[in-house]
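J.: Quick paste from TrEMBL:
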REPEAT    520-553  repeat 'TPR'
REPEAT    562-595  repeat 'TPR'
REPEAT    604-637  repeat 'TPR'
REPEAT    646-679  repeat 'TPR'
REPEAT    688-721  repeat 'TPR'
REPEAT    730-763  repeat 'TPR'
Amino acid sequence: MVIAPKNYFKQHSFVDRENYIRTFKENVYNIGQKELSILVYYGVAGIGKTSLRKEFPKYLEKHNREYRYRKTIWASIDLRLKKHREKNTFLVTLKNDLQKKYKIHFPAFEIAHAIYWKKANPEIPLRKADYLFFEGDNAFDDYFGVVDKIPYFSIVPATARLLKNLPDYFRKWWVNGEEELLQLSEKEPLEIEETLPYFWAQDLNNYLEHASKSAVLFIDTYEALWENHRSDGHSRDEWIREELIPRLPRKVLWVICGKEALKWKEIDCEWNEYLTQYRVEGLLENYCIKYLETRGITDKEIQEAIFKGSKGVPYYLELSVYIYEKIIGTRRPEPEDFGGNHQKIADRFFEFLSPEEKNALNVLSFPHFWDYDLFEYLVKEFNTGYPTNNYEDLCNFSFISKAENNKYQMHQLMQESLQKTQKKKKPDSVKRIHKAISEYYTSKLVDIDIKAITPEHELALTEAFYHAKEALEAEELCEWFISVSDPFDRAAFWQLITPMYEEMLQILEAKLEPEHPDIATILNDLALLYKSMGEYEKILPLYQRALNIYEQVLEPEHPFVATIQNNLAGFYKSIGKYEKALLHYKKSLDIRENVLDPLHPDVAITLNNLAELYRQMGEYEKALPLYQRALDIREKVLGPQHPSVATTLNNLALLYKSMGDCEKALPLYQRALDIRETVLGPEHPSVATTLNNLAALYENIGDYEKALPLYQKALDIRETVLGPEHPSVAATLNNLAGLYYHTARYEEALHLLERSLKILERKLGSSHPNFKTTEQNIQALKIKMEEK
């Protein structure tokens, strides 16, 4: 049998918690008295908030037995799990809980979410096997076939056929709500995600009204929303506060548990009317003594020692009772056995574990969570002696809880206690544990296919980086991170890796000399990421600082200097400063041609980029030989199927189109598209670039039917991967507007141009050539519309 403290408060009545339970009962009874009802319990870790929250449903069960005509349903979500902090996962998790327990239908939300998922994953057929969030009734299976045809198929007829499977209240809602759902097929993924709380709340409201019931929705570990985002302030929970809770008036009580009181009144003083907040304190001494007596501890001095040591915190009170029960089996307990602080209580608890248990728990205190594979790896790697076939026994400790996907996690206080002891006594061992965990996750990232990166890969990178920071020296960490993050960069997972690069820069700046070359490398890479995401205002100082470092610590004609010159030129080209771009491209090319082999791929990079600049400046005769030379190098050195070959093919095709030679451009675009889809995957931004350009070619030759779906596909990819505010999105909006203009769809064209103009003004500024071009296009379109 595993040695572990029993969870007494789960098995016995709470002591000194009657006030909190009474306030909960009162709030449940008064549901509907106020427009909104939010009940908050806050306090330090281990004080018993989660245990208290788990006690409340017991009252609700009793309430439902006593008030048969005023029944209350409930569901809960714990934000300690990182994925639960994402809007759509949060809503799906609560929906699944309510659906499983009460057979509640969420038809509008499920359709909206399926459209969102399909828009975000257009390359994947919408089947249950792929659509991981769906746990609905079989009546909704046909929606997969309906939504899977979006955006090329109206969901109206198919949905109408399915209404017979839905509750009466939804059929009534459909009369007015149909149009709202149909509009989603015209929206982009991020726009649809913003509507999910609305549809979720509509479905729950409809059910509660129809069934004459109320609901209690529990949110635990609320402070986790701000993990690694403390500076974000009120924005972190804005969607819960502004988009979700206000949409569920009267019928719903929200119960939120966290470490701190909510500060919503700082945003709007009206929240004072709806918020009721209670600080969960440690047990008072008389209640502690009462509880200890129920556990057979009657010695007054020992009772006093336990109370002082635990400070009334239930978590440590449990450990103290366990210690008492272990001691009394061998000798008479003394007050000295229980005095001291929380850390001493935890240390004393561990004295009663076997060496094997101690060893296993010590190593498991470092990962955020573990499954059997990681457990087996760690207990063997560190020779803990703990038998792997006793895995379930170890996970039965009261301070270990089960998370999602058969993973386990340790209570925060136990985790902190174990880590603190090990850092003090065995700092080298701590470093080795972090390194082992980092290597475990890094092994999952070896030779990954950039077209098939999964959430598990993302998780592995995140965890590997977290532990590598604790295990590796700055220079080694930098080299490791650049290597392990490269596939995610090539796969355009920029939003995932950019915060890591920002943190990497902070680490290097703190641990290395200010002019260390590694700092310049990360500055350059971070600038490239910002450019990829359209955050141009952050780029220039990074490149300038990187260039300054390289020029000081390296030779003035070092290849690294040429790299920064090339990238700095690319930045100036992006913001329309062509003369500055030309100067830096020429410097880069001079260095590379002087110090590298004439066929070196880096020479081809600058040739390609300089040619693209000349094309944009209208100097086609200068661009053509540079493109041809770059293509020749890349095909010889990298191979005909390399993405860099596709880049030059795409750009050369663009040049031929600009020169009016569409016949030469078309096969080059088609070849570039084939390479990019094969090597990078169908949803990569580079694929969107070629789709956009190919569509422009078809538009140029008057084949509008071929151009339209290509523009739409390019826009969908760019908005999904790059975000709705990226300059590349503005470019495709402009092009699609041009197509609408040519097909006399003037209102649609104007809407797209106005949206494009706003993006360009925010991201590139009103002096950028693209902004001015778009402004002129809007003026010309309005004149055309007035003529009509």
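Heads up, the Cβ atoms here are built off N, Cα and C, so glycines get one too.
Bear in mind that TrEMBL entries carry predicted annotations, made automatically and left uncurated.
Note that the coordinates shown come from a computational prediction; the quantities given were computed from them, not determined experimentally.
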J.: When secondary structure is assigned with DSSP, how many helix, strand and coil residues does the repeat 'TPR' (646-679) contain?
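T.: The breakdown for the repeat 'TPR' (646-679) reads 31 helix, 0 strand, 3 coil.
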J.: Count the CB pairs under 8 A between the repeat 'TPR' (646-679) and each of 520-553, 604-637, 730-763, then give me the winner.
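T.: Counting Cβ pairs under 8 Å, the winner is 604-637.
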J.: Please report, as numbers and ranges, the same-chain residues at least 6 past the borders of the repeat 'TPR' (604-637) whose CB is under 8 Å from any CB of it.
T.: 562, 566, 569-570, 573, 578, 581-582, 585-586, 588-589, 592, 598, 644-645, 647-649, 651-652, 654-655, 658-659
J.: Using DSSP, how many residues of the repeat 'TPR' (688-721) fall into helix, strand and coil, respectively?
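T.: Secondary-structure breakdown of the repeat 'TPR' (688-721): 31 helix, 0 strand, 3 coil.
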J.: Under DSSP, the repeat 'TPR' (604-637) has how many residues in helix, strand and coil?
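T.: The breakdown for the repeat 'TPR' (604-637) reads 31 helix, 0 strand, 3 coil.
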J.: Per DSSP, what is the residue count of the repeat 'TPR' (730-763) in each of helix, strand and coil?
T.: 31 helix, 0 strand, 3 coil
